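Please see the structure below; I have some questions.
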């Protein structure tokens, strides 16, 4: 069987790496992704391993890269994806990457520091300039010529330094000017008034242009304040209050000439700083261009380099410390590629000693490797969510490719709904290579996208079952003419006008010649959608269909267990487990399927009234009785049923005691040749003979020293069940679980009937309560109303019937596969093979 039907054979191997070429060999293996390395130093601290210095060096470079990336993002740039996958750098190239990255980081720090300093200085100069302009407007208004001085009341609007007022002022007026955050103006003004007791004049005005807040980086409109006061003590209080409110205070020249000179000097300084800042910005952009160009490649290279050294830390040295030894899990068919990768790595490093791989025997259970593609990955993920397959047991995924969408479609059968789901999945499949679809950030969308092929098959199968149910948005379609003839029934009956007026429902008798002309060509006849008893008919049909499909599905799961018994050379289980399980299942529930088909074939419409009840027959079968009112289906039915029940009951002790007694006898039997029961002789492989390891495997030279017991979860029976009590307990649990499970699992498949009926009824309710109202409108009003009604119908169909009902059917199909189907043969006690590979997803 292929690797999809059963996991590949995986072996334990040792890599002998020459110290000088170990780095290149591990790099080559990482590019190919073939091996899973095992840690040979589990008790050694990560800080005490041999290559801890190299790992720290890589981490330091990653810190530098993080700083560079932050600088790019702060500048509004994003590092692009790596154009190609570069190889891990050699020692000289790694030094060059480290030097260049540190040099760029240092340049960025200096340039960013200079730019911040220039911006702060330029911001201060502009604020000072606005302060002087606003202050000059308050303090330098000239008096009109020829106006005689006259006494007047002081006001905030009067120029404080008006020459006409100097003769009334005996004390010198001082000023405190600066800028303050607009949120602090009110509290600042109130505290100034209370602290200085009104011995000041304060003016506040908003700055003409917004400027950046150095604390938060936001652009705000600062407030300029000009405070005039008398007395040095008042001035000290004002300055202290200004410091407490984090105000930027600027010196204010006393004379107008000095203020004019200061404004002129500020203009020239601002122009010079603007030129310098522009040149700094240009140089910073050039440095950022270099970073954006080199950073993606550097990041990938350093991550690969770090991964290689982490793998080398898992290796151990030989006694001479000239050779590294690594233990790996490797697929047997990839051994040739591994040897080729080691040869290539040795050649690239220039080493004269070639590295090689040696396969070693082991009794440990290897990891599971099942290769998938974009189509089978979704189905394999469903199986792995239950549990990873034990090593080389049968994989349910290839069978789930058909059974899972089909079981889903039984519960979701509708041509219209299935077609919408199919078209949605087809759109994702056709544009699956689009980066916009692949690189989405919504987790729900990514889940849909990863399962696009699963949704595609679910939609296609739903269309198929929808044609069988003859339902399209809950309405039947007459693809073929109906097999029922109303005209023939009317001609052979006494339906009068009065009879038709008083009877809203008419009965079609199939026993009348010509009324029923045979079965419908495909699916259910559309006339059943008009019948008043169509729900009773569909209930009977879908219930029996669910039972039949469920028993077939479970029987198929039991049959798949045969391949496990044969593969693991446990042929005694064919007689002691598989045969009793099949007898128990078929003698009881297989017989139920036989009764269903037999009744369908034997009884027609003519004798349907005397047809016996299958349910009563099945109950009487377990009670070993018969019912005179319920006629037998065939002669000799009661003895046959008694024999089947006895066979089913007799298979239970065989299933319970067969395997424990067999194991007990095997353990008591003398062992020959020093081999354990169930073991396969392992041929040791010498170190010098490498070619047989790579050419293929002889019969019996498997990686497993013992063949595992699949039912014990991947462990050998001798290691798991050392005495008869444990063996018996394990088998008793299995017997009880299987026998009770056959009953409960058969009833569990009735969910197919229930959810199919619920989906059909919900579709009909949605049509009758929403869409039908748009068709019953009168004249032109109906067409107008139909537009919003159809919009509501479409939204409710997608939200309720496609999303909610689809999710419900998906979960129930998932449960039927996990519990009812896989429980018959699948253990799922393994663990995945995780090869060391430089996957692009790890650094993008």
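The backbone N, Cα and C atoms fix where each Cβ goes, glycine too.
Predicted automatically and left uncurated, TrEMBL annotations should be read as such.
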With TrEMBL as the source, which of 331-355, 356-380, 381-405, 406-430 is set down as transmembrane segment?
406-430
Between 578-597, 678-697, 698-717, I'd like to know which one TrEMBL lists as transmembrane segment.
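Checked against TrEMBL: transmembrane segment maps to 578-597.
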Which range wins on Cβ pairs under 8 Å with the transmembrane segment (640-662): 406-430, 547-566, 578-597, 609-628?
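The listed stretch sharing the most Cβ pairs with the transmembrane segment (640-662) is 578-597.
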Other than its close neighbours in sequence, what residues sit by the transmembrane segment (578-597), given a CB gap under 8 Å and a spacing of at least six beyond its ends?
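Cβ under 8 Å, 6 or more out: 544, 547-548, 551-552, 554-555, 558-559, 561-562, 565, 614, 617-618, 621, 633, 641, 644-645, 647-648, 651-652, 654-655, 658, 738-739, 742, 746, 824.
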If you average per-residue pLDDT over the coiled coil (94-121), what number do you get?
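Reported value for the coiled coil (94-121) is a mean pLDDT of 92.
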